[in-house]
Amino acid sequence: MEGVDPLNTSNITVFACKDTASQTCSDEESLCDEMFTTKRISLHRNTCKYRCGICRKIFSSKQEVFAHRKIHNKEKSCYCEICGKSFGNRSDLVAHKNSHNEEKPFHCGICGKAFFSNSKLTRHKIVHSGEKPFHCQICGKSFTQNSNLIIHKRIHTGENPFHCETCGKAFINNSSLTIHVRSHTGEKPYYCETCGKSFVDNSNLTRHKRIHTGEKFFHCQTCGKSFIENSKLTIHIRSHTKEKPYQCEICGRSFSVNSSLVVHKRVHTG
């Protein structure tokens, strides 16, 4: 980059060493800002070093810095699902989450999840008990929380107020839209610290972690059997109640799980 001789003592053209990645990415910068004559600048550029603006590690070329940055891009996917803040490593994320737990004095004795109020803790405990006091008047499906019932009702009304700006697909709630958008971006911000597998949302990560821990938080009040996921408990309970909510519109046969209905329909379609 052409500059001005700071001493104004001659007509010799002076150059600043600005061959730096900072011109294309604010996270990377050159180690030097020296001034050189025309003859010396090309020689200097061959040895000029570059450093990562995040961890300050030094590299000999822009290409090496760009390749190195991928490590930080992955690390920066350590997101706090409570407030959305991101961190460069897992240990910082864990320490940050503890600050949220301090703000939430009400803890679930079964799974340890913390809440801001006792009323929210009470609603949460219903998840473990299997109780579903909120019922859909149209199809009879039950839910642990009224907010989930409200979202469910949109299935019947056809209301999908949340739209994807990329493909136009619509969703019944904003969280579903957020997860869908990641199918376009390829983002999987939730990582398992045990095996490194990544997920598009925290709920899938939470379920996955139980594979490693063997924890089964969801218990059947009828027989005492335990399950990793609440959905598995719901299906199991139907073995006691004999409920079969999935019905074939062709022959009228009913099933306890939707997957069984899908397999059954092949009998009619061939």
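Note: Cβ is positioned from N, Cα and C throughout, glycine not excepted.
The feature domain 'C2H2-type' is assigned by TrEMBL to 50-77 (among others).
For the domain 'C2H2-type' (78-105), the model's pLDDT averages out at 67. Per TrEMBL, domain 'C2H2-type' is recorded for 78-105 (among others).
Within its own chain, the domain 'C2H2-type' (106-133) is flanked in space by residues 100, 142-145, 217-221, 230, 233-234, 237, which lie at least six positions past its ends and keep a Cβ under 8 Å from the stretch. Positions annotated as domain 'C2H2-type' by TrEMBL: 106-133 (among others).
Sequence-distant contacts of the domain 'C2H2-type' (134-161) (same chain, six or more residues past either end, CB-CB distance under 8 Å): 123, 126-127, 170-173, 245. Taken from TrEMBL, the feature domain 'C2H2-type' applies to 134-161 (among others).
Residues or ranges marked as domain 'C2H2-type' by TrEMBL: 162-189 (among others).
According to TrEMBL, the domain 'C2H2-type' annotation covers 190-217 (among others).
Below 8 angstroms of C-beta separation, residues 127-130, 139-141, 207, 210-211, 254-257 of the same chain, each at least six residues beyond the ends of the domain 'C2H2-type' (218-245), sit close to that stretch. What TrEMBL lists as domain 'C2H2-type' is 218-245 (among others).
The domain 'C2H2-type' feature in TrEMBL is assigned to 246-270 (among others). Within the chain, the domain 'C2H2-type' (246-270) has long-range Cβ neighbours (under 8 A, six or more residues past its boundaries) at 235, 238-239.
In the domain 'C2H2-type' (246-270), helix, strand and coil residues by DSSP number 12 helix, 4 strand, 9 coil.
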